[in-house]
Every structure is written in structure tokens, then in C-alpha cells.
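Just below is one structure, and these are the notes that go with it.
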Amino acid sequence: MVSIDHVAHKILTYIPYVFVLMDMRYEGVKCGKDGSVDNHMEMGKKLLAAGQLADALSHFHAAVDGDPKNYMAYYRRATVFLAMGKSKSALPDLSKVIELKPDFTSARLQRGNLLLKQGRLDEAESDFKKVTCVWDVVSREMRAECFIELGEMGKAISDLKAASKLRNDNTQAFYKLSTIYYNLGDHEMSLNEVRECLKLDPDHKQCYSHYKQVKKLNKQIQSAEELIQEQRYEDAVSKYEQVMKTEPNVPQFSLLAKERICHGQQADRAISVCSEVLQSNPENVNVLKDRAEAYIQDEQYEEAIKDYDAAAKHSENDRQIKEGREKAQRLLKQSQKRDYYKILGVKRTAQKKEIIKAYRKLAQQWHPDNFQDPEEKKKAEKKFIDIAQAKEVLTDPEMRTKFDHGEDPMDPESQQGGHHHQHFHRGFQGFQGFNPFGSGPFNFKFNFN
């Protein structure tokens with residue numbers, strides 16, 4: 001048993017480093033066995049950041065239950081316990097973290113602090129001794145290089161961040177951090193890190209050159225996103241095309257640009273660009289949703305349903321997916337019945353002027369008075385009624401919105417108590433004296449003013 005004074009003196013030498021480790025982040029960690037554990041982890045982190053500790057704790061309980069070998073779930077739960085002042089509850093979780101991942105320095109340091117407060121000095125000293133090896137900057141940087149070579153960028157970032165704090169003039173660590181983030185497609189973090197380098201040395205050649213490139217790219221992406229928010233999609237597409245020209249050698253930026261182009265394009269191009277993105281990342285939920293919406297615009301409803309189903313596997317509680325799939329199903333069912341756009345031969349994006357023009361042309365062509373043969377006249381009457389119904393639905397904003405969402409305003413089964421459709425079910429006799437081109441009885445002069 002060591003003396004308290006001796007241990008206390010040793011422990012005090014570690015205090016300046018405590019704040020460094022507390023600020024370290026273990027990035028690139030793959031958590032959980034399935035999406036539900038990941039969801040609980042993500043929700044717990046957000047609630048913890050918002051100060052909603054009880055709710056955060058519930059999610060981390062669920063994450064631990066869902067995957068008892070997930071060391072990050074125990075670590076996050078311990079963090080909540082500590083924030084709630086429940087150090088006795090945090091201690092077993094920290095011990096479990098160290099059991100599952102002995103090199104998790106932050107957990108070992110926090111456990112050492114708790115053991116110290118409880119007077120368990122021998123155990124506290126043991127934990128503190130095991131973390132002293134992390135203070136060697138050269139070792140950290142060498143290990144970071146190994147992680148980079150192995151493609152374990154999250155671990156490399158963790159070591160380099162520690163190295164940047166352990167030596168207050170470590171410009172090279174900030175430069176490497178910036179380049180790693182850049183190659184990962186995180187332009188904002190890359191810009192932050194290279195700025196830290198230039199704060200230490202404004203004349204640093206590597207950092208300044210890299211800064212100009214990142215700043216240019218960052219500005220283009222921000223401008224493109226602002227254009228998307230303003231629904232200026234064509235301008236946004238042009239801006240993202242500039243992004244791909246500015247940085248053609250980092251695949252992540254090309255994928256980002258194509259993903260956003262997919263979001264803001266007309267159906268035919270959106271389907272093509274979205275499909276290209278999904279070849280590289282078939283589980284991209286946002287792109288699956290965008291392509292599904294493009295399929296709907298292109299009236300490929302079955303393909304839209306497939307994309308929504310694929311997206312739902314990776315984002316179960318997404319309201320957009322649920323509503324989009326229901327819309328696609330309604331429109332599929334509707335397409336198998338009567339489609340007012342097809343009746344008039346116009347696109348779903350047609351303006352009112354185009355609809356009226358198409359209606360007048362077809363109404364003139366199919367007016368029953370143009371036919372003498374009884375069978376042909378009967379066929380023309382039905383066609384004429386369909387044309388008139390299509391015009392009424394598509395030129396009425398409320399009725400058109402209902403139809404676009406899969407509901408037929410002229411269908412008695414879907415319009416209970418409605419009045420819009422009633423006069424169309426009286427046959428062609430209901431149209432006697434009705435002039436689809438103006439007011440008053442037919443005169444067949446077809447004035448198109």
C-alpha cells in the first residue's frame with residue numbers, strides 16, 4: 001500500500017493533461033449490430049447535447065440492451081450518469097468499457113478520477129499510470145501515420161488532435177488534419193484545421209496553398225446550398241458543376257455534387273444522376289428518396305415504391321419515406337384507372353394555359369355532333385365527358401392537388417358527399433347546351449382568344 005501523500009503528489013502531475021484527454025474524440029467508430037442501436041446512440045447524443053439527460057439515458061439503456069458488447073454505448077451512458085451526478089452508477093460502465101476496449105484512454109482516465117474521489121488510491125494510480133504513454137507527441141504522430149496508411153482515418157484524426165494540443169506550435173499536425181478531412185469530403189472541418197495552422201504561422205507554405213483551395217471549394221458549396229434553399233435549382237446545379245471542376249480528384253466532393261444535383265433536377269436527369277450516386281453508395285437514403293420522387297414525376301410508380309422500400313431499410317421512422325411511398329401507391333392505383341393528364345395528353349407539370357389549349361383541341365375533335373354512326377357517337381360522348389372532366393379537375397387548384405396525391409375528385413367512391421363530379425354522371429345529356437369553349441350554347445366557331 002502506497003502512502004496517500006506520495007500518490008497525491010504523483011496524481012497532481014497528471015492534472016494538466018486531464019483537460020486534453022477530456023476534449024479528445026474517438027472518431028470513425030462503428031457502433032451497434034443493427035440500425036436500431038445506431039438510432040438509439042444518435043438520439044442519445046443529441047438529447048445529451050441538449051441537456052435532456054433522462055431521455056438520453058433511456059436511449060443509451062436501449063443501446064446497451066441491444067448490443068451488450070458495444071463499448072461506446074457503455075461510455076455514453078457513463079457520461080450521462082456523470083452529468084447527473086451519479087458517479088457510482090458511472091463506475092461499472094467505465095469498467096465495462098475498459099474491459100471491452102483496454103486502450104480507451106478517456107474511459108480509463110475518467111475511471112481513475114472517480115476512484116480517486118472514492119479514496120481508492122491504489123486503483124486510481126494504476127489507471128493514471130496506464131495513460132501516461134499518450135503524452136509523447138512523436139509516438140502519437142508516428143501512430144497517426146500508420147493509421148493513415150491502414151485507412152483508419154478516425155483513429156489518425158484522434159492521434160493528430162492530441163498531438164496538436166500537446167505541442168502548442170504543431171503546425172504540421174493541423175495541416176495533416178486538414179488534408180485528412182479534405183480527402184474525406186468534410187470541407188468545413190478541413191477549413192477550420194488549416195486556419196489553426198495559419199494562426200500559428202501565417203507564412204506556412206503548405207497550409208496557405210491548401211487554405212486557398214479549401215476556401216474556394218467551401219465558398220462554392222455554400223453558394224450552391226443557398227441557391228437550393230431559394231429553390232433556384234438550375235443555378236445550384238451550375239454551381240455544383242463548378243465544384244466538380246474545382247476538385248476532380250477527391251471522389252467525395254464529386255459524389256456530394258452529384259447527390260445535390262440529383263435533388264434539384266427534372267425527372268429524367270435526376271434519375272440518371274441519382275442512379276450514378278447510388279452505384280457508389282447504394283444505401284444513401286437521401287438519394288433514394290430523391291430518385292423515388294423523380295420516378296413519381298416520370299410516372300414510374302413501381303420503381304418509386306422500390307426506392308422508398310430500400311430507403312426504409314436504413315431509416316425506419318422517416319416520415320418522408322412513409323408519405324412518399326403511400327403517394328406512389330395511390331398514384332400507381334390511380335394510373336391503372338383514369339389519368340386526367342393522359343386524357344388531355346399533357347405532362348403532370350403542365351401549366352393551366354397548356355391544359356386549356358389541349359382541352360379545346362380535344363373537345364373540338366371529339367364532340368359527339370361530329371359523328372353520325374350511333375356506335376361512334378356513343379364512343380365520342382364518353383370520350384368527350386372524360387375530356388371535360390379532365391379539364392375541370394386540372395384547372396381547379398384544389399381538385400388538381402387531390403388528384404396529384406392519388407385521389408380522384410370525380411370518383412364517387414373517393415368523394416363522399418362531394419358535388420364536383422355529380423353532373424358528369426348524367427351522361428352526355430348533361431352537356432346539352434354546354435359550350436366548352438365559352439358560355440352559352442354550342443356554335444362551333446371555336447373562338448381561341
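From the backbone N, Cα and C atoms, a Cβ is placed for every residue, glycine too.
Here the repeat 'TPR' (37-70) returns a mean pLDDT of 93 for the predicted model. The repeat 'TPR' annotation in TrEMBL covers 37-70 (among others).
Per DSSP, the secondary structure of the repeat 'TPR' (71-104) breaks down as 27 helix, 0 strand, 7 coil. Here TrEMBL flags 71-104 (among others) as repeat 'TPR'.
Below 8 angstroms of C-beta separation, residues 141, 144, 148, 153, 156-157, 160-161, 163-164, 210-211, 214-215, 217-218, 221, 250, 252-253, 255-256 of the same chain, each at least six residues beyond the ends of the repeat 'TPR' (171-204), sit close to that stretch. The repeat 'TPR' annotation in TrEMBL covers 171-204 (among others).
For the repeat 'TPR' (285-318), same-chain residues at least 6 beyond its ends with a Cβ under 8 Å from one of its own Cβ atoms are 35-36, 39, 259, 262-263, 265-268, 270-271, 274-275, 277-278, 324-325, 327-329, 331-332, 335, 348-349. Under the heading repeat 'TPR', TrEMBL lists 285-318 (among others).
Taken from TrEMBL, the feature domain 'J' applies to 339-407.
As annotated by TrEMBL, region 'Disordered' applies to 404-423.
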Key: Beyond the flanks of the repeat 'TPR' (37-70) by 6 or more, those residues with Cβ under 8 Å of it   = 31, 76-77, 79-81, 83-84, 100, 316-317
Ask   = Taking residues 6+ outside the repeat 'TPR' (71-104), which of them lie with a CB under 8 Å of any CB in it?
value = 26, 29, 31-32, 37, 40-41, 44-45, 48, 53, 56-57, 60-61, 63-64, 110-111, 114-115, 117-118
Query = Which residue counts does DSSP yield for the repeat 'TPR' (171-204) in the helix, strand and coil classes, in that order?
reply = 27 helix, 0 strand, 7 coil
